[in-house]
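Encoded as structure tokens, the structure appears first; notes follow it.
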Amino acid sequence: MKTWNDGKTIAIERCVLPLDASLHKGSSGRVGVLGGSARYTGAPYYAAMASLQAGADLAFVFCAQEATLPIKSYSPELMVAPVYSASDFDPVRLVDDMVNEIGDMLPKLHCLVVGPGLGRCPLVMKAVARVLELARSQQLHLVLDADALYMMSLPVYRSSLKGYDRLVLTPNVVEYQRLFPKSEDNNGESMEDASDEELAAATIVRKGAEDRIIVDQRQVMSCGEEGGLKRSGGIGDVLAGTLGTFTSWHAILLDREAVSTEDLPLSCWTACCAVKRATKRAFDDKRRAMTAPDVLHHLGQALDEMTRED
């Protein structure tokens, strides 16, 4: 499948959580975003807001104390929790406090998006690795983006999620080559060596002009929806948050036994189609002035129209 029209019927049936009067707050998805540092505060905001615009009910941001006030000031809709401080020079306390703070929240989530604005502090990555272990033990859906992908390229962490099939990775071309250095696939045409034993169970969303969904070293589908021509910073974070919503819906439908784990790539493809459409609308509206907030503005309407099309 390439465009939304190629697969919309099955995608709506198996990937979009129905709305009905029996739902309560949180029934349509609770997404956590682990990211945000003193230097990077926009990325976790874009990811969390995208999850809400795509249809999730609640969005949490777990970030550095230094990022808390800026992110809170961007929107009252986000629940923002400081989980560590960059000024804490006790490495054991920093890691333990971060793991405990986030660990208490994991049972309340349907999906955890990790990486937007995270930074590459070794202590933070050490704590994140422990959080991922906890999430895996609870069968929580995970979306890894940005600095979390860099972390997974490091030998010390690479096998930490080996065999986990509720994992989505979202590399761009550069991140993909860092994750899979043996791959000679610069144009996305050949999938040989596109994965390895450690990450073979993951669903990989390789971002580009045509987003490609890769599972077990082979491309299973691609998103050929037309997007905008402007590559503004933050659009990848919008996709990460949208994937957070769709993987949350997958988790909810999985609990209802309405879908199987094999439907996760289809959920990712649907999220890619939605963001491409929103990006195209934003670009048509703003052209060169388009930025990530413009994509957020169009995301909900684009997704609603997609699911209502005859």
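If you go along the chain as it appears here, the first residue is 1 and each next one adds 1.
Every residue gets a Cβ built from N, Cα and C, even glycine.
Values in this document were obtained by computation on a predicted structure and should not be read as measured data.
The (6S)-NADPHX site recorded in Swiss-Prot includes Gly117, Asn172, Val173, Val174, Glu175, Tyr176, Gln177, Arg178, and the single candidate from Asp88, Asp90, Asp216, Asp237 that the record places there is Asp237. Over all protein chains present, the Cβ of Ser232 (ATP binding site) has 20 other Cβ atoms lying within 10 Å. According to DSSP, Val173 ((6S)-NADPHX binding site) sits within a helical segment. For Gln177 ((6S)-NADPHX binding site), the nearest of the binding-site residues Lys207, Ala209, Asp211, Lys230, Gly234 in terms of C-alpha separation is Lys207.
When Cα-Cα distances from Asp237 ((6S)-NADPHX binding site) are compared across the binding-site residues Lys207, Ala209, Asp211, Gly228, Lys230, the shortest belongs to Lys207.
Annotation for Gly236 (ATP binding site): same-chain Cβ neighbours under 8 Å, separated by at least 6 residues, are Asp145, Ala146, Thr170, Asn172, Lys207. On its own chain, Gly234 (ATP binding site) has Gly42, Ala43, Tyr46, Thr291, Ala292, Pro293, Val295 as residues at least 6 apart in sequence with a Cβ closer than 8 Å to its own Cβ.
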